[in-house]
Structures are given as C-alpha cells and as structure tokens.
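Asker: TrEMBL lists these features:
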- 24-46: transmembrane segment (TRANSMEM)
- 39-290: domain 'G-protein coupled receptors family 1 profile' (DOMAIN)
- 58-80: transmembrane segment (TRANSMEM)
- 100-118: transmembrane segment (TRANSMEM)
- 130-152: transmembrane segment (TRANSMEM)
- 203-224: transmembrane segment (TRANSMEM)
- 236-258: transmembrane segment (TRANSMEM)
- 270-292: transmembrane segment (TRANSMEM)
Amino acid sequence: RPTNTSLPELHLTGIPGLQHLHRWISIPFCIMYLVTLAGNSTLLCVIKADPSLHLPMFLFLSMLAVIDLVMSTSITPKMLGVFWFHSSAISLDACLTQMYFVHAFSVMESGVLVAMAFDRYVAVCNPLRYLSILTSPVVAAVGLAALLRAVVFMSPLTFQIRRLPLCSPAVVDHSYCEHMAVLKLSGGDTAFSNTYSLSVSTYVGSFDSLLITLSYALILRAVLSLSSPQARKKAFSTCGSHLCVMALFYIPGLLSMYMERYHQELPPHVQVLLADFYLLIPPAFNPLIYGIRTKQIRDGARRAISR
C-alpha cells in the first residue's frame, strides 16, 4: 500500500536467493574492503609525505583514492552487517544518503579517470609542456568540475525519489540502496526517474569511456613510434593494466543497470552481484595498479619508511 515518504525504515535483503551463502560471500567482500582501506590510505600517506610526488599525476591519484574510500565505506559496512548479523533495517534518510553517495561518487570517479587518462596523454605525447599545461590551478579546477558534475547529475534523482510515495512492506531486493531497487518500492509515477537515471548513466559511461579510449589510443600511437622495444613493452603493460581496471569499473556498472531495467527474467542475484563488483573491485585494485606498479610511488614509500 502506498504511504508517504516518512516511512520509518526500509529493509535490505542482501543478495536475493543467495541468503544461505551470505557468510561465505562476505569473506571476499570483507577482504576487498580491507585491501581498499589499506591500499588507498597508504597511497594517500605516501603522496602527502613525499614532496617529489606532489605532481598532477599523483594529485589525481589522491582524488581517486579519496573517492574509492568514500564509495566503499558508504556501502560495505552496512552490507557486511546484513551478511553477518541480519541487520537489514535502514532508515529512509540513511538509505537516500547512501544512494546519493554511491551514485555521485561513481560519477566523480569516472570524471577523475578521464582526467588521469588526459594526464598520461600529456605526459607521453607532450612531456616538455607537461607542468605548464597541468598547473596546480588546472588540477584543482578539474577536480572541482568532477565534483560539480556529480552533484548536478545526481541531486535531481535523489530529490525525485524523496518526493515519491513508497509502498509497504519496504523491502529493497539489493545489498545496498541502489537507485533502481529503491524505485521499485514506489507507488507513484517513476517514468522521470527511470529515464533520467538511464540517460545520465549512459551519458557518463559512454562519453567518459570514449574519451579515455581516445587518450590511450593516442598514447599507444606515440608509444609505437619509440625505437626501444623495452620502452614499448613497458608502455603497453602500463596502458593494458590501466584499461583493464577501467573496464572493471564501466562494464559491470552499465551491465547491472541495463539488466535491472530491461531483463527482468535474469536471476536477481546476478544483477546485485554485478552492481556490488563494480563498487568493490576497482577501489581494491586501483591502488595496486596505479600505485604499487608506479616506480615513483614505490621509491616514495621506501623514503617514507626509511625516515
């Protein structure tokens, strides 16, 4: 039955159909979260402690680390509470706040990944002008633009859901307050929210991934002109690992959204697991791929430890 949005609380089911496996599923999820916390916190500490790392590349990496920490922390503790203690209740305000943080920070992460791809393009294709193009004000402006874009895109979505009447029983068939899953509880007209969320996700995912692909295509073209086979091999390895992490971010995110929207016959746990993976795997792998594989970060970490 429809009620107003003062509904006291909602209930998260976790992973529908796999509740009997929650304890086992929680193990890799918990490990990924601990790796995310340790990796991104270490990265931030190393970059802050070493003045030689105060370069545009590492400032963007710091932004990515902060986004990953916020995004993971906004969902994983509650998710583990559902898995371990059957603590499924979440207040409507907490649910909407979680939804806002998850989706807004996903859009921010996408923007920062574009900035990092452009940073690598300038570093490889125009190295002599690198520091004159990517000055501190430019880096700050790019970070602010990524934040503002996320706020502008995601605020209407959250305000719209806040105004919709919800239905009891308020059971969200998901492990966190994902927009489409919460929208299914509404007894009102959800056409705007559905169309808007699909449009924004498609625009952000396709436009940003296109810019990233273009940047790396130009980088690879420059790399192929290098005479040293060793330099080419190193550049291919770096670009390949970066593109793999980006694919892990974009593909599961878009797949889970389109499946939720158009393929209702798919098992619900497949959609939920895809949505979980796109929020849990990249934050765990980003510090390893962008940080530990980078020589300057390893050298900075050694200097910090020796001090």
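A Cβ is built for glycine as well, from the same backbone N, Cα and C atoms used for every other residue.
Could you tell me the structural context for the features on the list?
Answerer: On the 0 to 100 pLDDT scale, the domain 'G-protein coupled receptors family 1 profile' (39-290) averages 86 in the predicted structure.
If you look at the transmembrane segment (100-118), the same-chain residues 6 or more away from its ends with a CB under 8 A from one of its CBs are 57, 60-61, 63-64, 67-68, 70-71, 74-75, 142-143, 145-147, 149-151, 153-155, 157-158, 176-179, 200, 204-205, 208, 211-212, 215-216, 242, 246, 249-250, 253, 279, 282, 290.
For the transmembrane segment (203-224), same-chain residues at least 6 beyond its ends with a Cβ under 8 Å from one of its own Cβ atoms are 107, 110-111, 113-114, 117-118, 120-121, 124-125, 153, 231-232, 235-236, 239, 242-243, 246, 250, 253-254.
Through the fold, the transmembrane segment (236-258) approaches residues 106, 109-110, 113, 117, 120, 180, 197-198, 201-202, 205, 208-209, 212, 216, 219-220, 223, 271-272, 274-275, 277-278, 281-282, 285-286, 289-290, 293 of its own chain, all at least 6 residues removed from its boundaries and within a Cβ separation under 8 Å.
Under 8 Å from some Cβ of the transmembrane segment (270-292) lie the Cβ atoms of residues 15-16, 29, 32-33, 35-36, 39-40, 42-43, 46, 61, 64-65, 68-69, 71-72, 75-76, 79, 102, 106, 109, 116, 173-176, 178, 241-242, 244-245, 248-249, 251-253, 255-256, 259-260, 298, all in the same chain and six or more residues away from its ends.
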Asker: Below 8 angstroms Cβ to Cβ, which residues of this chain, lying six or more residues outside the transmembrane segment (130-152), approach it?
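Answerer: Here the qualifying positions are 55-56, 59-60, 63, 104-105, 107-108, 111-112, 115, 119, 122-123.
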Asker: Near the transmembrane segment (58-80), which same-chain residues lie under 8 Å Cβ to Cβ, leaving out any that are not at least 6 residues past its ends?
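Answerer: Sequence-remote neighbours of the transmembrane segment (58-80) are 12, 14, 26, 29-30, 33, 36-37, 40-41, 43-44, 47-48, 87, 90, 98, 101-102, 105-106, 108-109, 112-113, 115-116, 119, 136, 139, 142-143, 146, 175-176, 276, 279-280, 282-283, 286-287, 290-291, 296-297.
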Asker: What else in the chain is close to the transmembrane segment (24-46), if you only count residues 6 or more beyond its ends and a Cβ gap under 8 Å?
Answerer: 15, 18, 53, 61-62, 65-66, 68-69, 72-73, 76, 79-80, 83-84, 276, 280-281, 283-284, 286-288, 291-292, 297, 300-301, 304
